[in-house]
Amino acid sequence: YVCYFAAACWLNFQRALALVVMTALVVFFTCWSLFQKHCGAKLLNLSFICSPWGHPLCDAIGDFFCRLLCVVLLGGLITWLVLDTGRNPKQLISLAGLCFLVLVLFACSKHHGAVSWRAVVWGLGLEFLLGLFILRTTPGIQAFQWLGDQVQVFLSYTTAGSSFVFGNTLIEEIFAFQALPIIVFFSCVMSILYYLGIMQWIILKISWVLQVSMGTTATETLSVAGNIFVGQTESPLLIRPYLADMTNSEIHAVMTGGFSTIAGSVMGAYISFGIDAALLIAASVMAAPCALAMSKLVYPEVEESKFKGKENIRLSCGEERNILEAAGNGAAASVGLVANIAANLIAFLAVLEFINAALRWFGEMVDIEGLSFQVICSYVLMPVAFLMGADWADSPLVAELLGIKIFLNEFVAYQQLATYKKNRLAGLEEWDGNRKQWISVRSESITTFALCGFANFSSIGIMLGGLTSMVPQRKSDLASVVLRALFTGICVSMLNACLAGLLYVPTEVTDCVTFLSNTNFSSTSYTMYTCCKQLFARWVHGQVMGGPRCLVLRRDPHVLGLQPQVDEGLCSLSRHPLSFTLTPHSSVSPHGWHPAPAGMAQQMGSLP
């Protein structure tokens with residue numbers, strides 16, 4: 001491997017950069033494991049340094065420096081937030097939403113006086129640091145974008161198997177043959193990784209970081225870490241031998257972790273819809289520390305755990321005898337999941353249509369037109385959507401998706417979100433009468449985080465059924481905490497979305513003139529819309545543009561998002577005077593921006 005690694009770096013280091021990063025991570029954790037094994041726990045416990053001088057004084061000095069460090073970090077965070085949100089005050093709305101949700105969860109705490117604030121602060125801190133790295137730093141953005149691209153390429157290999165079984169026509173036109181086979185493929189791969197012990201190694205490393213920083217027990221931390229990769233019923237299997245002896249608080253943490261995240265297998269299906277893979281991966285990773293923290297806020301530990309300080313929790317590698325058996329078992333195990341998803345989609349969509357028909361009928365009795373489940377959710381959950389950071393105009397649509405996710409399931413909600421994204425990328429007009437056809441990139445990203453979780457009412461039965469089959473003697477305990485865990489899981493997804501709203505800044509088109517000077521650009525693309533909006537904003541605020549000219553005559557309220565009383569007109573964007581003219585009039589085309597007639601540009605003359 002060393003020869004292969006050296007050759008790859010020598011031939012093209014830039015191409016081998018991902019290989020370098022993965023190798024460095026494996027070497028680091030391997031060296032750390034060897035260090036722990038041979039040097040002993042004494043070297044890792046810094047308290048032995050203080051033994052010659054006495055423990056009380058050392059503890060006092062340690063506490064002082066710990067508190068000083070916390071104050072410095074908090075001051076730095078506040079300073080950064082003030083400077084960062086000063087450029088975009090809308091981010092403060094997401095910060096207010098985050099604080100509000102934490103207060104709500106604290107108000108719902110079962111034992112207010114027993115809350116472990118170390119777990120809460122460290123959990124939120126880890127989530128914030130992960131979000132800061134993933135959403136705001138260039139290496140983090142590039143790394144997760146690369147990871148998302150690789151996942152998409154990896155999942156595309158499903159086509160080789162599904163096209164052979166079903167044919168190209170079916171997998172291109174029918175959802176069941178397009179998205180669901182991805183779950184079979186992903187389940188097969190995960191089973192192979194479990195057989196090889198790779199997944200157990202990754203989960204153990206993640207859980208170690210969470211356990212050391214947050215002070216949680218090994219069993220609950222392992223389960224929550226496992227939820228990043230597997231589902232709400234598969235993750236408890238990692239700690240199945242220990243479930244019977246776990247406290248109610250630990251059981252609550254296990255459930256909350258399951259409700260707050262999604263399985264890797266269904267993530268593949270959401271990516272196939274067109275949902276951003278990098279954001280989905282980021283949402284799953286960031287949800288783990290937040291779920292553990294909020295679980296300890298809502299249901300603090302008041303019992304004596306048998307697993308406190310215990311590190312040697314063993315994870316089984318399965319009973320398969322070889323890798324082929326593991327692959328076959330993984331594929332076979334996914335059949336029930338695929339059938340369950342298909343059956344639920346049929347049932348839930350049919351029930352939703354029936355509910356909407358009934359609501360329309362009742363609404364018409366009192367002259368209320370278009371009453372539906374989505375409309376009710378858009379009003380009830382609209383403040384929540386706005387507090388997460390969604391634009392006010394987008395809040396009704398985001399609230400609808402939240403309602404669908406909570407009361408039906410996230411699968412249906414992600415399908416609808418994918419439709420909004422396709423409408424935006426296709427260049428459809430933002431408004432079709434009084435109905436928005438798509439939401440902004442920022443609102444889209446926030447919604448991706450908010451929907452990333454199994455926290456819906458249909459999951460209660462799945463969670464109770466899975467855990468009860470493992471520990472039937474704890475049935476009453478499981479039933480007593482499941483609703484509290486569901487509510488916590490819903491709030492964790494919203495907290496994740498608030499943090500995304502606080503940190504996420506959509507990438508704007510840096511050079512619109514260069515984009516417009518390219519003869520191959522699409523006149524109906526969302527980039528065209530963004531360019532016109534950016535240039536128009538500069539013109540409105542009287543900013544001087546050097547070099548190319550930007551001329552905007554009057555304004556279109558529907559496309560440029562201005563006040564409705566402003567007259568409709570033209571938007572002319574040119575590298576040279578009058579070299580290109582666009583009109584946003586819906587009468588020209590139903591698809592938004594299109595080149596205006598050449599005569600119209602000539603009639604304008606050489607305007608300044």
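The backbone N, Cα and C atoms fix where each Cβ goes, glycine too.
Pulled from TrEMBL, these are the features on record:
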DOMAIN    96-168  domain 'Concentrative nucleoside transporter N-terminal'
DOMAIN    177-274  domain 'Nucleoside transporter/FeoB GTPase Gate'
DOMAIN    280-501  domain 'Concentrative nucleoside transporter C-terminal'
TRANSMEM  16-35  transmembrane segment
TRANSMEM  64-83  transmembrane segment
TRANSMEM  89-108  transmembrane segment
TRANSMEM  115-135  transmembrane segment
TRANSMEM  174-196  transmembrane segment
TRANSMEM  251-271  transmembrane segment
TRANSMEM  278-299  transmembrane segment
TRANSMEM  337-359  transmembrane segment
TRANSMEM  446-469  transmembrane segment
TRANSMEM  481-505  transmembrane segment
Worksheet item: So what's near the transmembrane segment (278-299) in sequence-distant terms, Cβ-Cβ under 8 Å and 6+ beyond its ends?
Response: 102, 105-106, 108-111, 115-116, 119-124, 126-127, 130-131, 134-135, 141, 144-145, 147-148, 151, 206, 210, 214, 216, 220-221, 224-225, 227-228, 248-249, 252-253, 256-257, 259-262, 264, 267, 270-271, 445, 448-449, 452-453, 481, 484-485, 487-489, 491-493, 495-496, 499-500
Discussion item. Test of understanding: applying the rule of at least three C-beta pairs under 8 Å (pairs 6 or more apart in sequence), is the transmembrane segment (481-505) touching the transmembrane segment (115-135)?
Written reply: yes
Response to the item:
Here the stretch out of 89-108, 174-196, 337-359 with the most C-beta pairs under 8 Å to the transmembrane segment (481-505) is 89-108
Worksheet, complete the sentence: Contact set of the transmembrane segment (89-108) with the rest of its chain, CB cutoff 8 A exclusive, min separation 6+ beyond the ends, reads 81, 115, 124, 294, 297-298, 384, 386-389, 391, 446, 484, 487-488, 491, 494-495, 498-503
Discussion item. Please report, as numbers and ranges, the same-chain residues at least 6 past the borders of the transmembrane segment (337-359) whose CB is under 8 Å from any CB of it.
Written reply: 176, 180, 183-184, 187, 231, 265-266, 269, 371-374, 376, 404, 408-409, 411-412, 458
Fill in: Other parts of the chain folded back onto the transmembrane segment (251-271), taken as Cβ under 8 Å at six or more residues beyond its ends
148, 151-152, 155, 158, 179-180, 182-183, 185-187, 190, 216, 219-220, 223-224, 226-236, 239, 243, 277, 280-281, 284, 287-288, 290-292, 294-296, 298-299, 334, 337, 341, 410-411, 414, 452-455, 459, 463, 467, 474, 477-478, 481-482, 484-486, 488-490, 492-493
Worksheet item: Going along the chain, which residues at least six beyond the ends of the transmembrane segment (446-469) come within the CB cut-off of under 8 Å?
Response: 94, 231-233, 236, 243, 251, 254-255, 258-263, 275-276, 279-280, 282-284, 286-287, 344, 348, 388-390, 398, 401-402, 405-410, 413-414, 417, 439, 475, 478-479, 482-483, 485-486, 489-490, 492-494, 496-497, 499-501, 504
Practice prompt. Averaged across the domain 'Concentrative nucleoside transporter N-terminal' (96-168), what pLDDT does the model get? Just tell me the whole number, please.
Written response: 87
Worksheet item: Which residue counts does DSSP give the domain 'Nucleoside transporter/FeoB GTPase Gate' (177-274) for helix, strand and coil?
Response: 79 helix, 0 strand, 19 coil
